[in-house]
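Engineer: From Swiss-Prot, for reference:
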type	residues	note
DOMAIN	2-245	domain 'ABC transporter'
BINDING	Gly34, Arg35, Ser36, Gly37, Ala38, Gly39, Lys40, Ser41	ATP binding site
Amino acid sequence: MLRINKLTKRFGDKTAVETATLDIDKPCMLGIIGRSGAGKSTLLRMINRLGDATEGSISFEGREITTLKGKDKRAWQSECAMIFQQFNLVPRMDVVSNVLHGTLNRRSTLATVFNLYPMADIHKAIEILDRLGIAEHAPKRAEALSGGQQQRVAIARALMQDPKIILADEPIASLDPMNAQTVMEALRRIHEEDGRTVIANLHTLDTARRYCDRVVGMRDGRIVFDGLPEQLTTGVAREIYGAGADFSEAATSTAIETLEQTDAVRTAEAYV
């Protein structure tokens with residue numbers, strides 16, 4: 001299905017991604033973990049064609065992606081939707097209009113300029129928002145929503161493209177644990193119910209283990225781990241993050257229980 005072969009990206013004399021190879025044969029939820037600067041975001045941007053590879057190739061269902069241009073490239077970006085850490089919504093625009101922006105690649109210039117949306121698309125946008133539990137916010141400005149709600153709007157916008165792949169670049173990095181859980185559960189349901197491939201850059205081990213079928217670890221631009229969640233031991237995590245024996249998974253956790261326990265320990269220590 002999706003094949004990434006020896007993909008490399010250089011910025012001047014700095015190599016951000018080095019000979020990354022990855023095969024996805026069937027729809028799955030794949031998590032990519034690693035410390036900041038490991039090359040996770042650069043890899044996703046190359047898959048989406050937001051950035052060009054220096055070397056290597058990407059193919060999907062036998063079609064070469066790295067050489068696509070113009071209309072064909074835009075069509076691929078509709079098939080391979082992307083959501084970001086900072087949501088990338090239009091703050092003063094209402095929620096449903098932000099979702100409808102997912103159809104821009106297949107609309108005429110005139111329709112885009114005058115915000116002319118077919119009624120069928122409007123109904124579809126509201127149905128998607130309802131599926132994600134935020135239909136009641138459809139007429140509100142995006143800026144009035146919480147971070148978790150805004151990320152679900154961004155997911156809804158991606159679903160308007162009816163993509164085969166969703167790329168999520170640190171989708172929960174700026175969210176509190178409860179909203180992070182809601183967003184990850186939404187992405188997991190989309191994979192399971194729709195049969196879509198979801199590839200998510202994550203910075204927490206517990207999240208990768210809980211929601212992903214497969215986990216890839218990146219360090220210094222290279223893929224250094226590719227396996228099942230249960231194979232992601234603390235020792236393997238140390239190798240991925242380049243950490244020492246004092247490495248603590250709790251420090252990277254988004255689990256509500258773990259964070260509450262950590263806060264309790266800090267409070268207790270303050271009275272010792």
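The backbone N, Cα and C atoms fix where each Cβ goes, glycine too.
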Engineer: Which residues does Ser36 (ATP binding site) neighbour through Cβ under 8 Å, counting only same-chain ones at least six apart?
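Structural biologist: For Ser36 (ATP binding site), the qualifying residues are His203.
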Engineer: When the pLDDT values for the domain 'ABC transporter' (2-245) are averaged, what is the result?
Structural biologist: 94
Engineer: For the recorded ATP site, enumerate neighbouring residues of the same chain (Cβ within 8 Å of the Cβ centroid of Gly34, Arg35, Ser36, Gly37, Ala38, Gly39, Lys40, Ser41, site residues themselves excluded), in sequence order.
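Structural biologist: Result: Asn201, Met218.
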Engineer: Hey, which of the binding-site residues Arg35, Lys40 is the loneliest by Cβ count within 10 Å?
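Structural biologist: Candidates: the binding-site residues Arg35, Lys40. Fewest Cβ atoms within 10 Å: Arg35.
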Engineer: What residue among the binding-site residues Gly37, Ser41 has the most other CB atoms lying within 10 A of its CB?
Structural biologist: Ser41
Engineer: For Gly39 (ATP binding site), just count the other CB atoms lying within 10 A of its CB, please.
Structural biologist: 24
